[in-house]
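Chemist: Sharing a structure below in structure tokens format, with a few things to ask.
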Amino acid sequence: LCFAGDARVRGQTGVLSERRGSYPFIDFRLLNNTTLSGEIGTKKKVKRLLSFQRYFHASRLLRGIIPQASLYLLDEDYLGQARHMLSKVGMWDFDIFLFDRLTNGNSLVTLLCHLFNVHGLIHHFQLDMVTLHRFLVMVQEDYHSQNPYHNAVHAADVTQAMHCYLREPKLANFLTPSDIMLGLLAAAAHDVDHPGVNQPFLIKTKHHLASLYQNVSVLENHHWRSTIGMLRESRLLAHLPKEVTQDIEQQLGSLILATDINRQNEFLIRLKSHLDNQDLRLEDAQDRHFMLQVTLE
């Protein structure tokens, strides 16, 4: 179903999800039209359907610019250094920029595969490693590399910081595998498909995402729904019971929506109240979820 430039699907869990990038499918065979009038018509059609990074890539194809492959392959020295860095992934001074260079721009995928293994999530949730890798590649590729800040390296940095928080003894002793997986997934996908502009810009320019989410947590809702779309497209959790996947999707939304800067004071006031009253009980799943929200926020 396509409307207002947005394609959404409703799965069995009843939660709306956005197609990868939230843009309709484009048949790139259209780009092979070489007649002048056809080329102009194709450009206009593609421009209407695409925006942000997908329009950027499509426009390069229309101009005959072929994306360049990596100029080099990593040798064993690079890979060895990357593996050595992963042995220190729990350190707060972890250099994510160096790690990204050592992994040839694949820091998010490499980091998440390692952390899922370290925390025993692959075994606990019986995840297929190939499917997990495919899902993580989808997430990494849906970050816009041209963004100076909200890109895949930023996502990897937040994910590594989340791992450090999850290892803090006062929190780690109470966390369940579900808590850990939700924290890592939310950190990795919290800015996925970020357009590089803020919510006020989207609202003032009457962007279709602003209309879709009625000017409320526009970017955060988009990040969440896009993540759900990729989870379903990859079928990473398809083997789990419906009620489990539904809970995971809802809690992912709660965590990602907590990154809305307009809600910062809400969480700080609530955290201060808990600390003053000393009534934070990490045995309670609700309080553990709140701490994950504060961590990600």
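Just so it is clear, glycine is given a Cβ too, placed from its N, Cα and C backbone atoms.
Caution: TrEMBL annotation is automatic and unverified by curators.
The feature active site, proton donor is assigned by TrEMBL to HIS150. Feature annotation from TrEMBL assigns Zn(2+) 1 binding site to HIS154, HIS190, ASP191. Positions annotated as Zn(2+) 2 binding site by TrEMBL: ASP191. The domain 'PDEase' annotation in TrEMBL covers 74-297.
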Chemist: Taking the recorded positions one at a time (HIS150, HIS154, HIS190), which has its Cβ surrounded by the most other Cβ atoms within 10 Å?
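Modeler: Most Cβ neighbours within 10 Å: HIS190.
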Chemist: Over the domain 'PDEase' (74-297), what is the model's mean pLDDT?
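Modeler: The average pLDDT of the model in the domain 'PDEase' (74-297) works out to 95.
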Chemist: Using Cα coordinates, what distance in whole Å links HIS190 (Zn(2+) 1 binding site) and HIS150 (active site, proton donor)?
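Modeler: Cα-Cα distance, HIS190 (Zn(2+) 1 binding site) to HIS150 (active site, proton donor): 10 Å.
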